[in-house]
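Here is the structure we will look at, set down as structure tokens.
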Amino acid sequence: MMFVRRIAVVGTGYVGLTTGACLASLGHSVVCADVDAEKVERLSRGEVDILEPGLAELVAEGLASGRLSFVLGASAAVTEAEVVFLCVPTPMGVGGIADLQAVESVVDETRELLPSGCVIVNKSTVPVGTAVRTAELLRRDDVAVVSNPEFLREGTAVHDFLNPDRIVVGCDQQDAAERVAALYARLGAPTVLTDAASAEMVKYAANCFLAMKLSYVNAVAELCERLGANITDVTEGMGYDKRIGQAFLNPGPGWGGSCLPKDTHAMLQVADAADFEFRLLRATIDTNERQRQRMVEKVRLAVTGKRGGSLSHVRLGLLGLTFKAGTDDLRDSPALAVAAMLKQAGADLVAYDPALPGGRDLGSVSVVDDPYQAAKDVDGLVVLTEWPDFRSLDWARLAETVRRPVVVDMRNILDPDVIRRAGFTCTSLGRR
Ligand SMILES: NC(=O)c1ccc[n+]([C@@H]2O[C@H](COP(=O)([O-])OP(=O)(O)OC[C@H]3O[C@@H](n4cnc5c(N)ncnc54)[C@H](O)[C@@H]3O)[C@@H](O)[C@H]2O)c1
């Protein structure tokens, strides 16, 4: 039987806005709050400024049906809520520790306003123990705190929310966990009901595992280069094993984005505090830092023909800047990290990204509106994000536009034969 809950969602970023719009589409009555007044105004007019397929449509539907509204500040959203979702940032703080300021400030702000019997649900990624600390900070015996980590991926956020691999809900009070799990009942996903600490741990354990998989494949790719094997065939052969799977097996310029770097560091801090030396995770992070440096060395060799060759006054055209294809999110993008290192090594950089408007100056690199402009008179093209569009560029035209026909494909998305036939030399990862 369908039941409707009054829900407040605090934070309207990738996770909060998706949560609010999707829960409204499932029939619930949702009030979303944010501290950013301009964002609240834009959202109230149905203007969504993040690139997420289907999200603007769901927001428009929710506004039109009256099931979705936007207000400024958490206190304006919670007074009638049965369930309050916290979807605020938990960025990397000093020494890698998760910064919980936003979570704590929402608790402070709403303590006196939460209706008796309501449930606070933490969707933000937070270290083990946060649910317990939140309850202590809240000082309300009549309000339960539940952990319900979110696993959506940027670029497919709506799809992932509505078709989750699993729902994880943790609380030391079983009835509160069951009430939260019931919100998702229509999705028919496997549901893990557990205690709060375990639910919080699931999110970190999953993200650290994904980071480890990527660091592992980057290391195997380097070894393939040295031994004359081909990483594409190697990962295909590995991925058919159901215990391994094909996902997260592509080598690249290092992992990044708004989640994996901060979550791996936060997990390391949690482990340190528990007096546990998490060597595997430390190696995962170190391998990633080394990978970025290795990408710069690859560019040096490809462009100058020499190991350690100078990039001073070398002009490079970068293809892709977002942390992955399908999103406009630049937070902790490995492409920007590699660009900053190339810039520091003396290179002049110009970039094209399908999700970014031209004319932006991102410090180390200026952005232009089309790939042929980015290729003009450059000494090399460097593919940094795996946008499929790059495969179908007119490579013959690009060959006429560049000063020197050199491509470094850090995502292995181009067909080396096509690129070479167009007249380029092409370097990729994990191939001889
Ligand atoms: N982005 C992802 O792919 C993803 C996936 C799973 C989990 N998470 C986790 O979800 C959390 C949110 O991530 P995000 O990417 O949606 O962040 P975001 O930066 O896109 O959005 C956060 C929003 O919260 C608002 N905000 C900040 N403080 C507030 C306050 N006190 N009251 C009301 N609003 C406030 C900000 O203005 C912003 O709009 C993080 O803990 C993140 O690790 C993110």
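Each Cβ is built from the backbone N, Cα and C atoms, and glycine gets one as well.
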Same NAD(+) site per TrEMBL - residue from THR125, THR191, THR194, THR232 joining ASP34, LYS39, THR90, GLU154, LYS262, ARG331: THR125
Candidate sharing the substrate site with PHE151, LEU152, ARG153, GLU154, LYS203, PHE248, LEU249, ASN250, PRO251, GLY252, GLY256 (per TrEMBL), from LYS324, LYS343, LYS376: LYS324
Least buried by Cβ count (within 10 Å) of the recorded positions LEU249, CYS259: LEU249
Cβ atoms near ASP34 (NAD(+) binding site) (within 10 Å, other residues, all chains): 24
Least surrounded among the binding-site residues, given as LYS203, LYS262, ARG331, when other CB atoms within 10 Å are counted: ARG331
Cα distance (Å, whole number) from LYS39 (NAD(+) binding site) to ARG153 (substrate binding site): 22
For PHE151 (substrate binding site), the number of other Cβ atoms found within 10 Å of its own Cβ: 16
Contacting recorded positions, sequence order - GLU154, PRO251, GLY256, CYS259 vs ligand 1, Cβ under 6 Å: GLU154, CYS259
Model confidence over the domain 'UDP-glucose/GDP-mannose dehydrogenase C-terminal' (317-416), averaged pLDDT: 97
